[in-house]
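Visitor: Got a structure here, written out as structure tokens. Questions coming.
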Amino acid sequence: MKAPVRVTVTGAAGQISYSLLFRIAAGEMLGKDQPVILQMLEITPALEALKGVAMELDDCAFPLLAGMVCTDDANVAFKDTDYALLVGARPRGPGMERKDLLEANAAIFSVQGKAINDHANKNIKVLVVGNPANTNALIAQRNAPDIDPRQFTAMTRLDHNRAQTQIAQKTGKTINDVKKLTIWGNHSSTQYPDLHQATVDGADAMGLIEQSWYENEFIPVVQQRGAAIIKARGASSAASAANAAIFHMRDWALGTTEGDWVSMGVYSDGSYGIEKGLIYSFPCVCKNGDWEIVQGVSINEFSKAKMLATEKELQEERDAVKALLP
Ligand SMILES: NC(=O)C1=CN([C@@H]2O[C@H](COP(=O)(O)OP(=O)(O)OC[C@H]3O[C@@H](n4cnc5c(N)ncnc54)[C@H](O)[C@@H]3O)[C@@H](O)[C@H]2O)C=CC1
Ligand SMILES: O=C([O-])CC(=O)C(=O)O
């Protein structure tokens with residue numbers, strides 16, 4: 001048996017965490033041979049509810065669950081931690097855009113970035129789920145100057161998974177047949193789900209669909225899927241968001257599938273002309289616990305315009321939280 005690793009989950013009594021924690025403890029994120037210690041952070045009024053979640057985790061008798069910490073102190077929650085999933089933040093309601101949450105949520109991520117900087121393992125892998133995820137990740141990263149900025153990522157895997165299902169269903173194929181699609185940019189309604197490199201059962205995806213379906217259905221359906229779930233369920237995506245967080249961390253830690261790539265919000269190095277330092281979603285492959293941006297993807301004029309529009313939104317979000325960016 002390996003030595004246990006520490007996994008911090010914030011917002012641990014919330015709805016996403018109620019799916020997430022049990023799957024982490026079952027070994028679905030880091031492998032069936034990797035024991036975990038769960039370090040769960042909540043605000044003080046939610047500690048009683050968190051206690052109930054911890055009791056249920058106990059009652060699962062998970063062989064891989066090597067310990068639990070429940071706390072309302074970020075310095076305790078991030079102590080020596082190896083992986084952090086920053087879920088704790090307010091979700092949006094009907095009629096809101098994710099960036100409307102900036103004011104409510106941004107401060108959480110500057111405090112947590114500092115706590116990560118001061119207490120976490122320096123090799124920590126951080127995934128920000130709380131919205132607006134890319135800009136919250138930027139805030140946390142900039143408040144952790146002693147940690148490599150590449151270790152802060154934002155979740156666009158849910159968008160990636162949504163896009164995969166849309167094209168699989170349209171073409172009558174399975175998820176396993178769909179490869180190399182990309183979500184570019186922000187986890188917001190300006191994100192650009194790109195099928196130009198994607199293949200379905202070995203065939204070029206764009207050759208299997210009409211441009212009008214691509215522009216007028218596929219792209220808006222993926223961009224607006226979060227809002228459609230809120231409308232239908234009366235609450236934002238939870239189990240599917242937890243699933244995407246598991247996939248994102250699993251692939252980062254254990255590697256992506258040969259011959260395919262995934263979408264991750266990562267620190268831009270200037271690839272594809274995207275401003276360096278933004279947390280922007282790119283096509284990524286992961287190996288040996290590290291990610292890299294896939295290079296050489298050809299970008300046509302249609303794609304370029306969409307990639308720039310979502311970059312512009314990220315620049316505006318960044319400028320709106322300047323006060324929190326040291
Ligand atoms: N990136 C993505 O694809 C997705 C992101 N989200 C976002 O994830 C976030 C969480 O969503 P839900 O679990 O549905 O919300 P929720 O409201 O059910 O849970 C959030 C939890 O965070 C806790 N919390 C608030 N401030 C905190 C702090 N400073 N430290 C620790 N915990 C804190 C709350 O007490 C609450 O228990 C929202 O911002 C939502 O918009 C949701 C779905 C997908
Ligand atoms: O749409 C929301 O507010 C929740 C979310 O991020 C998603 O479902 O993608």
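Each Cβ is built from the backbone N, Cα and C atoms, and glycine gets one as well.
As annotated by TrEMBL, domain 'Lactate/malate dehydrogenase N-terminal' applies to 5-150. Per TrEMBL, NAD(+) binding site is recorded for Gly11, Ala12, Ala13, Gly14, Gln15, Ile16, Ser17, Asn105, Gln112, Val129, Gly130, Asn131. Marked as substrate binding site by TrEMBL: Arg92, Arg98, Asn131, Arg162. Under the heading domain 'Lactate/malate dehydrogenase C-terminal', TrEMBL lists 156-323. If you look up TrEMBL, you'll see His187 marked as active site, proton acceptor.
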Visitor: Would you pick out, from the binding-site residues Gln15, Asn131, the residue whose Cβ has the largest number of other Cβ atoms within 10 Å?
Guide: Asn131
Visitor: Which one is it: of the binding-site residues Gly11, Gly130, which Cβ has the fewest other Cβ atoms within 10 Å in this structure?
Guide: Gly11
Visitor: Can you tell which of the recorded positions Ala13, Gln15, Gln112, Gly130, His187 lies nearest to Arg162 (substrate binding site) in space, using Cα positions?
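Guide: Out of the listed candidates, the nearest Cα belongs to His187.
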Visitor: How does the domain 'Lactate/malate dehydrogenase N-terminal' (5-150) divide up by DSSP, counting helix, then strand, then coil residues?
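Guide: Residue counts for the domain 'Lactate/malate dehydrogenase N-terminal' (5-150) by secondary structure: 66 helix, 27 strand, 53 coil.
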Visitor: For the domain 'Lactate/malate dehydrogenase C-terminal' (156-323), provide the mean pLDDT of the predicted model.
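Guide: Its mean pLDDT is 98.
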Visitor: Between all pairs in Arg92, Arg98, Asn131, Arg162 (listed as substrate binders), what's the biggest Cα distance, rounded to the nearest Å?
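Guide: Those residues reach a largest Cα separation of 19 Å.
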Visitor: Measure from the Cα of Gly11 (NAD(+) binding site) to the Cα of every one of the recorded positions Arg92, Arg98, Asn131, His187, then give the nearest.
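Guide: When the Cα distances are compared, Asn131 comes out closest.
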